[in-house]
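Take a look at the structure set out below.
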Amino acid sequence: MDLTEPQHGPLANVTSLLLEPDTSMSKNEAKLLAILALGLGSFVAGILPLFCAQRNRERFPSLISFLLCFGAGVLLATALVHMLPEVRDALKQYAEIVFCVGFFLIYTVDELSHLCGVGHSHGGGGHGHGSDRIYVVGRRTSRDSTGGDADSRSYGTSEETKLLTKSESGIQIHRRASECETGAGSSQTLGMGSSESIPRVMVARGGAESPEQVTGVFSLLLALVVHSLLEGLAIGVQSTAPAVLLLLGAVSAHKYVVGFCLGVEICSHGSRHKCSHVLQILTFAIGSVAGIGVGMALDDLGETFNQLVIPILQGVAGGTLLYVTVSEVLPRERGKRATMRFKQIGLLQLFAVILGFTVMSILSLIISEH
């Protein structure tokens, strides 16, 4: 019997199983792995800034600003480098128009929320909770011997989160904002002496968020959830395990970075409620999981859905990210330059934006090649 000849029958099957064990993963197993990796990984990445920010936010404001600007660069590259080319492939010359629709849609929502006063605290008993904030306004007040005030105003605000001390004039302010009974938006002018320049102290309730803050976080979360849902859908409709694993590596490479940046952005609004932060990150993490589940349930998506509906949703989500980045995150962080002791904070913020944009662009180019 020639052992070199190919064997057939039951003996051949047993030999093949012994020599070449079946270690391949089925497509459903690969999709379940993708659900676990994307859901759990993005949740952990988004929760991490919550614990970092509680300890170091007030001690290292420049670091927090750097991370927020890095996140802005990541979001900018996600919109322009990662999402826009995909939309252009499907919608051709209409891609930029759909992008602008998403931009103006969130712009409209932002203005309407501002008009309706969403997020404002109402009087002294506003809806916000948490510690009060003290704002020091650079207003010069001259007190004459008769007690009259002659004001020469030169405004320039800066926020203080700790006790105020005016050592050069011998005056120390040890009153916390929570002990002041002046209500939201009220002010006190503290000082002594015949002719003294003193700051005006404004006490504001810290729990309430402005309409821009509410709309900004909601818009960012909504856009990222839609984007995650579509990415999960792309994974869910794959027909082979290698294709699923390839897309999983590509999506997770940038989803974890975006999730961390989203967590930093949520922390930047100073919310003291851990539950709110966890729920928002959980919503973001569920996006990809839901997309994969929907893709697994639909064996064969229609051509119209693939070629029209998904690109339109992708374009609207990209326009939303663009608005949040250039109209919410970057202007807010650049406005903090005057309140920080680090004089080169503007250059540091610029470097952070460029770094975030570069990292996300490299990841997007790697994804597009594969």
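Every residue number used here counts from 1 along the chain in the order it is shown.
Here the Cβ of each residue, glycine as well, is placed from N, Cα and C on the backbone.
What you see is a predicted model, and the numbers here were worked out from it, not measured in a lab.
Pulled from TrEMBL, these are the features on record:
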- 32-51: transmembrane segment (TRANSMEM)
- 63-84: transmembrane segment (TRANSMEM)
- 90-109: transmembrane segment (TRANSMEM)
- 141-172: region 'Disordered' (REGION)
- 214-237: transmembrane segment (TRANSMEM)
- 243-266: transmembrane segment (TRANSMEM)
- 278-298: transmembrane segment (TRANSMEM)
- 304-326: transmembrane segment (TRANSMEM)
- 347-367: transmembrane segment (TRANSMEM)
Contact call for the transmembrane segment (243-266) and the transmembrane segment (304-326): at least 3 Cβ pairs under 8 Å, seq gap 6+: no
For the transmembrane segment (63-84): best-contacting stretch of 32-51, 90-109, 278-298, 304-326, by Cβ pairs under 8 Å: 304-326
The transmembrane segment (278-298) touching the transmembrane segment (32-51) per 3+ Cβ pairs under 8 Å rule: yes
Beyond the flanks of the transmembrane segment (90-109) by 6 or more, those residues with Cβ under 8 Å of it: 79, 84, 215, 219, 223, 307-308, 310-312, 315-320, 322-324, 327
Distal contacts, the transmembrane segment (347-367) - CB-CB under 8 A, six or more residues away: 62, 65-78, 81-82, 250-251, 253-254, 257, 261, 330, 333-334, 337
